[in-house]
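Swiss-Prot has this to say about the protein:
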- R24, E81, K124, K475: (6S)-5-formyl-5,6,7,8-tetrahydrofolate binding site (BINDING)
- N230, T249, I251, T254: K(+) binding site (BINDING)
- 230-235, 249-255, 274-277, 378-380: GTP binding site (BINDING)
- S234, T255: Mg(2+) binding site (BINDING)
- 220-397: domain 'TrmE-type G' (DOMAIN)
Amino acid sequence: MTAPLPPIAAIATAPGRGGIGVVRVSGPDVRPVMHAICGQALKPRHATYLPFLDGHGKVIDHGLALYFPGPNSYTGEEVLELQGHGGPVVMQMLLTRCLQAGHGIGLRLAEPGEFTRRAFLNDKLDLAQAEAVADLIEASTEAAARSAARSMEGEFSHAIHTLVEKVIHLRMLVEATLDFPEEEIDFLEASDARGQLATIRNDLGNVLAQARQGALLREGLSVVLAGQPNVGKSSLLNALAGAELAIVTPIAGTTRDRVKETIQIEGIPLHIIDTAGLRDEATDEVERIGIERTWDAIRRADIVLHLVDATDYLRHGLSEIDDAIDDRLSGQLPPGAPIVRVVNKIDVAPTVGGMMFSGNRPHVVAANGPNPTEIWISARTGSGIELLRKELLRLVGWQSGNEGTFLARERHLTALRQAQSHLDVAAEQSERQAQALDLFAEELRLAQEHLNSITGEFTSDDLLGTIFTRFCIGK
């Protein structure tokens, strides 16, 4: 039997001034703190308005006090919450008073995420739900918040548990066949083990697809605007953002450093990075540094929009400089990151080379082999901008109207991919003779381990520490 953890306390609301602030205390027995500060016993799960008292009986503040006996609380322990006025000085005075009153029972300041970690350790929520708490707090879009709420309610965990149950059932059949090889009944054949495995793999693929969508909502995409000077990169940033964020002038090289703005497209955060124009020779040291930073941003990009001038492109095709930029982009981008060629300023090139663009009829040329997708736009008039937004979503595989998405992290995607890989190997083993059954069983076991790591049923202490230290202190 493990010893109970020491009681902890922290300010649970965000730093700064506010109408209300909350100090939270959790532990095996918080009643000494309750009696010292509230001066009375509190009725469980009822808000009581009263004065909060210091060590000399003087009033620190008036507010609401709530007492939650364990295990029916957020952490599974006894919890005391003191809700007062949200000034930082008042909150600090109240927290200090809690620590003084709880000195005799070992009360200490909580570490980041420790309240939620205790909820996990006391089986109030699993690891995926615990992470969803932090994701809900940090959500930058409404879609991300709704998806985090679904994960917090257990939708993601339920999907994982369902997969694990199916894997366990299949493992049981394989183990029975291994343990009783002399039996006339072929457990695997009789129960359609291959069909069960195919179902599991299909279900896992669906969960992984949803998790990828959720990861997009959580992390967003880094989209870099690149190209020669004065091709309209800053104008495109302004058009995508719907605001004048970057300075736009006819003078080439106006943008000397990166300008970053986060926008939303169907709830996905897009981190748009406007960069210094790329050319063979920088005119000065400032521009040279700006160009270096442009390539640095490109190396970390999810998507690069390579802007070219419509008039020049229609008259002469891709210039040597733009061709060189394309070649270097291909070598500098992360594997799999797409390049979109954005042909800008079609409003000032309505009839060139026999091709006409009315200004409201942009078109897309789909990617073909090494050639990037082309989208024709006018950042100044807005023509083609909506088409560009849709193309960005298509490139990352976003499915519009996906209300069932749950939020996922990179570690979840990694675990799902690893489980998928083991199930793929298991499928290969199932096609072989009986001597491969032990390998089949081992691949199923490894797949189950990776799935269990998502909900925390098989997770190292080091990983738990990494996850919970990223929370705010009062959570």
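Just so it is clear, glycine is given a Cβ too, placed from its N, Cα and C backbone atoms.
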So of all those binding-site residues, R24, E81, K124, A379, which one's Cα sits nearest to S234 (Mg(2+) binding site)? A379
Measure from the Cβ of N230 (K(+) binding site) and count the other Cβ atoms within 10 Å, all protein chains considered. 20
Site of maximum Cβ density within 10 Å, from binding-site residues R24, K124, K233: K233
S234 (Mg(2+) binding site): secondary structure state under DSSP, collapsed to three categories: helix
Roughly how many angstrom lie between the C-alpha atoms of K124 ((6S)-5-formyl-5,6,7,8-tetrahydrofolate binding site) and K233 (GTP binding site)? 50
Would you mind listing, in sequence order, the residues at least six apart from E81 ((6S)-5-formyl-5,6,7,8-tetrahydrofolate binding site) in the same chain with a Cβ closer than 8 Å to its Cβ? A12, V22, V23, R24, V25, A65, L66, F68
By a three-class reduction of DSSP, R24 ((6S)-5-formyl-5,6,7,8-tetrahydrofolate binding site) is assigned strand
Which one of these binding-site residues, S234, A379, has the sparsest Cβ neighbourhood, judged by other Cβ atoms within 10 angstroms? S234
